[in-house]
């Protein structure tokens, strides 16, 4: 082995099960090119796998941590005593990281942070953030699979199964790797983002030496620690969604909610098996805007659902007038094989569905145009997606890729810009979809953060 390999010291305490945990960690360390050394003074960092079963084991573990701190100073603690991180940090506040038993990934993340593995061009063919099909500067972050709802127009549960939430620490570590690899925007997706953690009873996990619940608000709080935009998609309108809006007001995550309301008629919503308290929905949208005045609310709707009357469609148009949503997508109802809505009576004729869809989109186009026009004269922080000659295409905080509008920067030949760069743009024009403006000179906007590249 080359003397240039990073060196890890290892102390394993406790029962045979803990010994197996140590073996797994050591195996991973060796597979990544770390040398395992027998003494504190020859180690670049020390891992202590602790026991906490009885008082004497706790004492032995704390003594081992203390010895490693005294003789080396760079110590990562894992194992059973790691389930009581406050006890460890009270005795040794300067340990690098603390994790519980079987949390191999946290140990490896802590080692990587303290002592990055040596780059091997013959082995490191895949970046640690994986292979992505999106541009380098944004990425989708999937937090769960499946869905527990039984919306009558949808067959997702039969295709993808019931809700299965990813552990919050796993999600946060993936997000951290993505940002470290140059991602500037994280787009949180799932079938039902609001239900995150319900299936695991909001289990608590450790990340960066702090406990996080597997829950939407806690996830947002963790993601807000990263130097990137965080955008929430597919948010089912549960009451606890209100908890994340203050984080938007504090600029910790983007003031943006993609929340599918689907309709505004209580009867149609019941037929869809969706929440039906439209008055409360309007109150909530108004309250979100009081808390976070810059919030963008995007939604999707279905027109021509079986049994929809002209009066109920008019209710939907009235809802658009009152809600003044920023971005809206709509679909004419189309039967999906296996959906229970197919069995509902009073199917709406195709020509009526298309006529209603056109009226719906015309109404929303007027609303969107007015809301965009109100931004003329403002300065919007934007993320540059593409540069073509003297025109750059970017997105503001209000614009998700592919589904929302764009910001056309018209002086890209006069101001140095790069794809994936944040830039402040003074808005000069608008239409019903997009904004147009000029990038401000670098001296008048925040410096580009090179650490993200």
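Every residue gets a Cβ built from N, Cα and C, even glycine.
Bear in mind that the values here come from a model prediction, so they are computed numbers and not experimental data.
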Query - [4Fe-4S] cluster 1 binding, same site as 51, 80 - Swiss-Prot member from 15, 147 - result: 15
Query raised in the report: Taking DSSP three-state, what's residue 15 ([4Fe-4S] cluster 1 binding site) in: helix, strand or coil?
Result: coil
Query raised in the report: Hey, how far is residue 151 ([4Fe-4S] cluster 2 binding site) from residue 15 ([4Fe-4S] cluster 1 binding site), Cα to Cα, in Å?
Result: 49
**Report entry** Number of other Cβ atoms within 10 Å of the Cβ of residue 51 ([4Fe-4S] cluster 1 binding site) across all protein chains
**Finding:** 20
Query raised in the report: Can you tell me the three-state DSSP label for residue 147 ([4Fe-4S] cluster 2 binding site)?
Result: coil
Query raised in the report: Once the chains shown are all counted, how many other Cβ atoms turn up within 10 Å of the Cβ of residue 154 ([4Fe-4S] cluster 2 binding site)?
Result: 21
Requested in this report: Would you find the one among the binding-site residues 15, 80 whose Cβ has the most company, meaning other Cβ atoms within 10 Å?
Outcome: 80
